[in-house]
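Down below is the structure, laid out as structure tokens.
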Amino acid sequence: MTFILAIDQGTTSSRAILFDGEMRRVATAQREFTQHFPEAGWVEHDAEEIWQTTVEVCREVIAGQGIGPEQIAGIGITNQRETTVVWDKAGGAPVHRAIVWQDRRTAAICERLRHAGCEDDFTAQTGLLLDPYFSGTKVKWILDTVPGARDRAAAGELLFGTIDSFLIWRLTGGRVHASDATNAARTLMFDIHQGEWSKDICELLDVPMSMLPEVRDCAADFGTTDLFGGQVPILGVAGDQQAATIGQACFQPGMMKSTYGTGCFALLNTGTQPVASQNRLLTTIAYQLDGQRTYALEGSIFIAGAAVQWLRDGLGIIENAAQSGALAARADPAQNVILVPAFTGLGAPYWKPDCRGAMFGLTRNSGPAEFCKAALESVAYQTRDLWEAMQGDWGADADVILRVDGGMSASDWAMQGLADRLGAPVDRPVMQETTALGAAWLAGMRAGVYPDQAGFAATWALDARFTPKMVEGDREAAYRRWKAAVAAAMMV
């Protein structure tokens, strides 16, 4: 029997998922790792711990199924995007902890570049905005801050990579320094129109181009690893949100998916032509196959599932995320408590890194149920913000059905609330492991085990469709209250 091994390296855990030749999940292993918060607004990971947990989960699923390396046709990697690692080319040791996508320490660098009139240049080439979210200013910070790092980088002694690139380097024993187009497109240094690193942008950031990985298709040869008992090829790579877009089979222009994990990330396929957003969305690469780039509009929300984690860990009003829907359903419908969950700033379409969370509409009767309802509704309202922006950029032909995945999509209450606040149907697929499936399909398709795009799209199956039940007048009044709350939070 033939298998595909998917590595899903996320923000809070490393996972390995083994798929069989029919794209069925047969085994999963997961290890959480430590989150480091050395200062307010800073988030770091130990890249060595990421590496160790990744190897451990891979070995666990392989051993658990009792299979040999010759039965694994390929490895597909998907990863948290933007998170930045700089490591020693000779020994492979990181020179600093990985700076996570959520980290806001480079806000001042972004502001200086913005004041210098550089943002239009960045956006024109990369499709991105000047924000600490992206990798470029994180690399600059490491080179400027770690003693000797800038000189070593100039001498060609240091390498940069997002998590995929670091894992590929380690898996191949340092033989391959490469990334894929979707991860490169999130660095703030990649020209998404030319499909190459931008010399001009790298000069603005003072990042030597010798540090940068080679950029390849999402389904390509990324070398082989011998860490699992024999030679196994690495054949697929995509950033987590792009992998979910692939896993949701959003291959046609106008199709849209939204993934609900720690944050929420919505992508709308725009086909082979990039669409420049007029609503402060991101223009990015959805996937690149056979040298052909397919583009997307993306909206990034920093806090989605993390709001539910706050209910559990910060307020202690639930013991686990699965309880959130039932508690929210008990909220007083006469109350209009609104949470603006700007715990790490606001993402699209506002891009306010200094904004902080706020709650509005509290009364003496507001309690755990109302707080829980407000947290879940905040995710729906933020998705509505992205929905409106994407409709504005793409036009009337945008798909009126949203495909959803991620942990929060398992909640019927939350998904019904999402449909109500969007005023549009929400589709949840049978296969919820869309991110891992996307990575597995890339590797399996490259290996000749899995079908082509059309064949893969035909396997997508609906679990549940949530249709709007909210009266339109009530929906629009509630959305106006949300917009007013966001405006107030940004003024504090």
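Heads up, the Cβ atoms here are built off N, Cα and C, so glycines get one too.
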Swiss-Prot has THR11, ARG15, GLY305, GLY407 binding ADP. Which one of THR262, THR344, THR363 is in the same site?
THR262
Swiss-Prot has ARG81, GLU82, ASP240, GLN241 binding glycerol. Which one of TYR133, TYR260, TYR287 is in the same site?
TYR133
Could you tell me which of these binding-site residues, GLY305, GLY407, has the greatest number of Cβ atoms within 10 Å of its own Cβ?
GLY305
Distance [Cα-Cα, Å, rounded] between GLY407 (ATP binding site) and TYR133 (sn-glycerol 3-phosphate binding site)
22
Determine which residues of this chain, when THR11, ARG81, GLU82, TYR133, ASP240 are set aside, have a Cβ within 8 Å of the centroid of the sn-glycerol 3-phosphate site's Cβ atoms, and list them as they appear in the sequence.
GLN80, THR83, VAL100, TRP101, ARG186, GLY239, GLN241
Around the glycerol site formed by ARG81, GLU82, TYR133, ASP240, GLN241, list the extra residues of the same chain whose Cβ is within 8 Å of the site's Cβ centroid.
GLN80, THR83, TRP101, ARG186, GLY239, PHE265, SER300
Looking at the binding-site residues ARG15, ARG81, the one with the fewest other Cβ atoms inside 10 Å is ARG15
Taking every protein chain in this structure into account, which of the binding-site residues THR12, THR262 has the most other Cβ atoms within 10 Å of its Cβ?
THR262
So, in DSSP terms, is GLY407 (ATP binding site) helix, strand, or coil?
helix
